[in-house]
Amino acid sequence: MKPNKHKLTHSAEREFGGALGATCIPVFLPLTVLYLLSVCRSPAASVLQWPPPLPPTAHLWDPLAVVLIVGWITLQSFLYLLPIGKVSEGLVLRDGSRLKYPINGFHALSITAVLLIVCLWLGMPHGYLFELILPLAVCAIGVSYLLSMYLYIRSFWAPQHALSLGGNTGEIIRNPLYDFFMGRELNPRIGDFDLKYFCELRPGLIGWVVINLGMLMKEVELRGSPSLAMLLVNGFQLLYVTDALWNEEAVLTTMDIVHDGFGFMLAFGDLAWVPFTYGLQAMFLVVHPQSLSTLGAAGIILLNGIGYYIFRKSNSQKNQFRRDPTHKSVAHLETIATATGKRLLVSGWWGFVRHPNYLGDLLMALAWSLPCGMSHILPYFYVIYFTILLIHREARDEKHCRAKYGLAWDTYCRRVPYRIIPYIY
């Protein structure tokens with residue numbers, strides 16, 4: 001058993017550029033967030049302009065931002081702990097146990113929405129988030145660093161079976177920077193409060209649509225009403241977040257929860273990268289308004305609808321098959337047996353391409369950017385980044401599945417040759 005464990009750990013260390021990537025990414029990505037936000041607010045909105053539109057240091061800090069970030073995380077933590085919704089079990093861990101998770105993310109979103117409506121009714125200036133966006137991002141980045149340091153330190157008191165194979169480089173030749181980045185502990189908890197699961201879908205994801213609403217309200221302040229482009233961006237991304245929280249239970253089988261440790265990679269991604277880069281389109285539209293024709297808007301809505309349909313149908317089919325392969329909706333699907341006892345789908349959506357949900361994701365990502373017009377590349381940062389992310393994630397999935405399923409995976413790949421885009425990739 002020990003040689004196999006060492007092999008898994010050693011191979012995982014090469015992910016994300018190994019030690020070099022783990023050293024550079026925690027510096028480069030936070031600076032990228034601040035740079036993109038600064039460019040988005042500038043008149044030119046050009047990612048290539050020189051010198052870059054760097055803000056004065058004084059614009060990066062505001063005590064109100066600290067209050068808002070701490071208050072926001074506190075609110076979402078309180079909603080997480082509310083005894084509402086059902087409780088589900090995760091997959092079996094290495095020690096044979098299964099953790100329990102509260103499935104109440106949609107309730108948290110709904111209560112948050114009610115609180116926001118009350119705040120708007122009371123006249124609170126939600127559009128002020130536009131002015132606070134840089135200090136808020138700085139605070140979120142700071143929280144992700146502090147959380148990551150806490151997670152790394154506490155992991156040395158975790159039992160061996162609770163550590164992630166990918167973020168634990170060993171006792172003899174340890175790489176602390178890599179372990180800090182990837183995360184040593186798989187499911188760090190304070191009592192029953194699961195830190196990774198909480199961060200995965202709560203403060204950052206819900207925060208993303210709250211920031212979007214702030215951009216919409218800022219546009220209302222500036223121009224009297226929200227533009228069609230702004231409404232589309234807000235609507236599309238709200239649908240995406242609502243879908244994720246409505247289907248929250250599905251996250252329990254994802255690579256983030258099952259395989260990856262909780263370190264800087266996920267902490268920063270959840271708390272800073274998602275809320276402050278996924279919604280760049282809404283911030284762009286505040287400074288660079290766009291007009292959309294009815295036909296153009298209809299085409300973009302259709303594209304988003306097709307993407308969402310593929311995304312939701314394929315994910316639902318996969319989740320239903322995992323829960324109950326004998327269910328009438330999936331019992332007729334063709335499968336391949338594997339040595340692990342599990343079966344691989346080779347028909348339905350998962351016989352179309354290996355990752356139909358990624359295809360739907362990419363179509364939606366493009367639809368989110370198109371309302372911003374074609375004159376700037378900045379609003380398309382998300383779709384460009386997400387394409388790279390999904391190709392990288394697909395490669396990680398491929399490596400993991402090949403090691404897990406062996407010859408059965410080779411057979412599956414011959415039956416389903418295209419990875420994400422049919423006849424192209």
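The backbone N, Cα and C atoms fix where each Cβ goes, glycine too.
What TrEMBL says about this one:
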- 20-44: transmembrane segment (TRANSMEM)
- 64-82: transmembrane segment (TRANSMEM)
- 103-123: transmembrane segment (TRANSMEM)
- 129-153: transmembrane segment (TRANSMEM)
- 262-280: transmembrane segment (TRANSMEM)
- 292-311: transmembrane segment (TRANSMEM)
- 365-391: transmembrane segment (TRANSMEM)
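Beyond its flanks by at least six residues, the transmembrane segment (365-391) meets 36, 39-40, 45-47, 228-230, 232-233, 236-237, 277-278, 280-281, 284-285, 288, 290, 292, 297, 300-301, 303-304, 307, 355, 358, 420, 425 of its own chain at Cβ-Cβ distances under 8 Å. Between the transmembrane segment (20-44) and the stretches 64-82, 103-123, 129-153, 262-280, it is 262-280 that has the most C-beta pairs under 8 angstroms. Contact check: the transmembrane segment (103-123) against the transmembrane segment (129-153) gives fewer than three Cβ pairs closer than 8 Å, residues 6 or more apart, which falls short of the contact criterion. Just going by CB pairs under 8 A, the stretch in 64-82, 129-153, 292-311 that sits most against the transmembrane segment (262-280) is 129-153.
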